[in-house]
């Protein structure tokens, strides 16, 4: 009997040491490192050296001693444990997180971060603001405290407005937000929300989820970006890493069909991703025979619902794509291209289609896809060679050129806006900045042309 009692006393002593290492008490209901209330054991709370509640100690004192003898974890191993702990916490497996942190000796996040998280989720804004003073010493950029405080006060202001506490909201705006002297433009926008007649109007104008867990969780995600990962992990970090790994494997997969992509739920994480040759679309599904001469060019619309084909037979045929059966059905035929059609380009909104001809063609045709009517037929000179075209992202302008040295920027009516003489163009593309055009030429170069300041440079 004495032996058993001695073992229990030793367990109790070691447990108390664990709780005392960080100066933490064993009071009932104390919050621990994963932001949860601690679990009681027969009315007594047992904490380990991370502030995480522990399960009942075994009567065998060797279990605690064995834990002490375990090898020291590397930084990588600690990171993996924290990632697993965060994922389990997001799933609501809080007791499992407690056991994991206790046995590994790791800490899910800094105690100050835990306090901050709890106060934000509970809407205790004054306490959360006070927590920022503790977090300031742990941050790489202490100046970020102003930005974090602004986000907190913005949430506080919006919640007051939703609750109908206009005077309190006005006080936050005048006495707390404005003195920060940060993002004045946003403060002006916030002040306009005072005129909202009801909560639904406020949520719509502010594009805000409203008071509650959803908006506060989103707020925490923004606040976390200012904290080092050693203090608080980025949200859903394990899922992010798994998604990146799956995406990398898909990029390296020779036969992968992107149509099958639908997130992590569509793949197994237990094996490396690999598609067989049978999954790749390598069998003929349909043969289109409506053209009566060589088909020189084909191009799907940006939304994938239409296909345009150009032929030596002087026609462009528009096809409708059934996204379920992957079958094409003839929509309309655009006729009259005397030189044949060797190049096609859809406008960004798929409302217009431009058709160009072969090297000896000086004409460019701009069709209205919906009506099938010709909007513009452009030809600057019979000496031109308009064989390539590219749309500006705004959908209101395009550039065209050819191998004889013509390079033009035009509007939808074919009016010449700018030109570059002596540039022999084989292919064109417009960058997303809306200003720079890339052109491949007969001198084995790709050059960028800026139509705003009429400058060019080698790429």
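Cβ coordinates come from backbone N, Cα and C, glycine included.
According to TrEMBL, the protein has these features:
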COMPBIAS  13-28  compositional bias 'Polar residues'
COMPBIAS  39-52  compositional bias 'Low complexity'
COMPBIAS  56-65  compositional bias 'Polar residues'
DOMAIN    109-168  domain 'CTLH'
REGION    1-71  region 'Disordered'
REPEAT    288-329  repeat 'WD'
REPEAT    334-365  repeat 'WD'
Long-range CB partners for the repeat 'WD' (334-365) (under 8 A, at least six residues beyond its ends), listed in sequence order, are 293, 296-299, 301-303, 305-306, 308-318, 372, 374-391, 393-395, 398, 400, 402-403, 412, 414
For the repeat 'WD' (288-329), the distant same-chain contacts (Cβ-Cβ under 8 Å, at least six residues beyond its ends) come to 335-346, 348-350, 353, 355, 358, 367, 369, 372
If you run through the repeat 'WD' (334-365) with DSSP, how many residues end up as helix, strand and coil? 0 helix, 13 strand, 19 coil
Counting by DSSP, what is the helix, strand and coil composition of the repeat 'WD' (288-329)? 0 helix, 21 strand, 21 coil
